[in-house]
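Feature annotations, courtesy of TrEMBL:
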{"type": "DOMAIN", "residues": "160-511", "note": "domain 'PUM-HD'"}
{"type": "REPEAT", "residues": "189-224", "note": "repeat 'Pumilio'"}
{"type": "REPEAT", "residues": "225-260", "note": "repeat 'Pumilio'"}
{"type": "REPEAT", "residues": "261-300", "note": "repeat 'Pumilio'"}
{"type": "REPEAT", "residues": "336-372", "note": "repeat 'Pumilio'"}
{"type": "REPEAT", "residues": "373-408", "note": "repeat 'Pumilio'"}
{"type": "REPEAT", "residues": "409-447", "note": "repeat 'Pumilio'"}
{"type": "REPEAT", "residues": "448-485", "note": "repeat 'Pumilio'"}
Amino acid sequence: MERGDDADWFPFHEFTMSGNPQLLPPDVYFANHYLQSDTGNHPNSNSTLLSQSSPFLSLGNHHHHNTDFHITDALLESQIARLSLAPSAQSPAFLSPPPNYNEGGSRRSYTALNNRNGVDMRQMRVQSAARGLQINSDLEELGMNSPYDNMNIKYHHQAGNSLGVERYTNYYGRMWRPRQRATLSSLEDLRGRIFAVARDQQGCRFLQSKFEEGKTEDIQMIFMEVKDHICELMVDQFGNYLVQKFLAVCNQDQMTQLLRNVISDDHRFMNICINTHGSRSVQKLLEFLTTAEQRAIVISVLRRITLPLTKDPNGHHVIQYCLKLFSFEEKKHILKVVADHCMEIATDKNGCCVLQLCVEHSMGDTRDRLISEINTNAIMLSEHLYGNYVVQYILGLKIPQATADIIAQLRGSFVPLSMSKYGSNVVEKFLKEKELIQETQKVSIIEEIIYSPHFLRVLQDPYGNYVAQTSFAASKGGLRSAMISLIQANNPNLHSHPHGKRVLQCIKGNKIRV
């Protein structure tokens with residue numbers, strides 16, 4: 001799993017499973033990536049930043065091949081203006097291009113317009129820089145990074161970089177570090193503002209360091225200020241790491257209070273579970289539940305939202321984690337919901353993975369019911385994009401009665417299944433897997449295929465020809481001789497056919513499966 005640069009600071013929980021391997025669709029998505037925001041570079045920007053009054057911008061004439069301002073310069077300035085916290089800030093519309101900026105249809109009118117507005121545009125940049133100082137000053141007290149610190153505002157030119165812009169960018173880059181050391185040295189200074197600091201990257205790191213120090217009074221202070229905002233922090237790109245770290249150090253009473261806040265509303269809890277950051281936070285929450293009461297509280301809510309979670313790219317990880325951590329008595333309520341909606345879950349990209357895990361972690365009547373639901377619908381599932389993985393998983397368990405039930409359901413349908421993109425995988429599973437079925441059962445499947453009036457279609461089918469090759473490899477004695485005779489009898493229809501000729505080469509001793 002790829003992680004960003006902050007992986008060492010921000011721990012996460014990676015979900016792994018042991019035991020019988022699941023059959024996963026090739027396109028199944030496990031969403032555990034970190035969100036990244038584009039800071040907005042403008043490689044085609046063509047501007048020069050001049051300063052007449054700012055102490056941190058250098059004056060001078062900088063020559064470029066093209067001095068016209070690009071449209072993105074004006075748009076960037078408009079965005080910078082929106083960041084201003086000063087009461088006297090100009091309206092964003094003030095920095096917007098004139099309505100006829102792109103009108104005129106000629107390069108001459110475009111250049112003339114730029115020349116007419118060039119001085120104003122330069123002055124706007126100086127004003128924006130000054131407002132940046134005010135923003136930094138306002139946020140300094142919180143110890144939080146300014147939008148100006150995070151924004152990449154180095155303009156790239158066709159001929160080179162403006163020295164003034166270089167100094168402008170470096171100035172803001174230098175401002176953060178000394179301010180951080182000065183303002184994030186004491187937790188007491190952040191009293192009443194910890195929730196806001198927790199949603200900032202640097203602030204989150206500072207608060208995590210307090211957990212590592214392990215002072216009870218610091219942990220309690222942070223808890224008191226974030227407990228009512230726990231749901232917002234769990235889905236925040238930075239706050240979720242603070243939550244995960246806190247869950248590892250909080251006491252039982254604090255855990256119970258947080259848990260009740262998180263699950264107080266079913267809809268809100270589900271939204272947390274299906275969020276990329278929230279799913280990770282909930283998994284960590286489940287990991288640190290220590291009492292039967294706490295687990296019962298979670299199960300009482302999860303059982304009502306199990307179905308949508310099993311089909312969600314993020315939510316299904318929460319269900320899988322419950323199955324892994326909780327006892328059978330605790331998770332049987334979730335298993336019952338899965339059994340009630342077995343087909344709906346089995347035919348979903350994420351749900352088919354959850355269903356396999358449910359079978360693995362179930363027992364007794366619950367396990368029998370899950371397997372029975374799958375076997376009863378074996379034909380439909382075998383031909384389904386995702387359902388076929390569930391059928392193959394049940395066959396892989398090598399439960400004699402379950403295998404016999406599936407064969408009984410598929411009897412009479414092995415020919416159309418052989419010509420199905422997904423069903424052909426199930427048929428080959430019967431023929432390839434050692435000790436899966438008895439020899440008599442294997443013979444009956446092959447005979448149903450080769451003695452069918454549609455056997456030639458199977459030989460010429462893009463998927464059926466693979467089943468025919470597998471059948472030939474699995475056959476013995478008289479059955480193999482019968483296959484050779486039937487295939488050779490159709491030689492005129494096979495020797496020049498793109499799929500049929502593969503079967504001919506197979507019976508001649510050339511083992512090919514292209």
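The backbone N, Cα and C atoms fix where each Cβ goes, glycine too.
These figures come from a predicted structure and were not determined experimentally.
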(request) With DSSP as the yardstick, break the repeat 'Pumilio' (448-485) down into helix, strand and coil residue counts. (result) 29 helix, 0 strand, 9 coil
(request) Pop the mean pLDDT for the repeat 'Pumilio' (189-224) in here, whole number is fine. (result) 91
(request) Count up the helix, strand and coil residues in the repeat 'Pumilio' (409-447) according to DSSP, in that order. (result) 26 helix, 0 strand, 13 coil
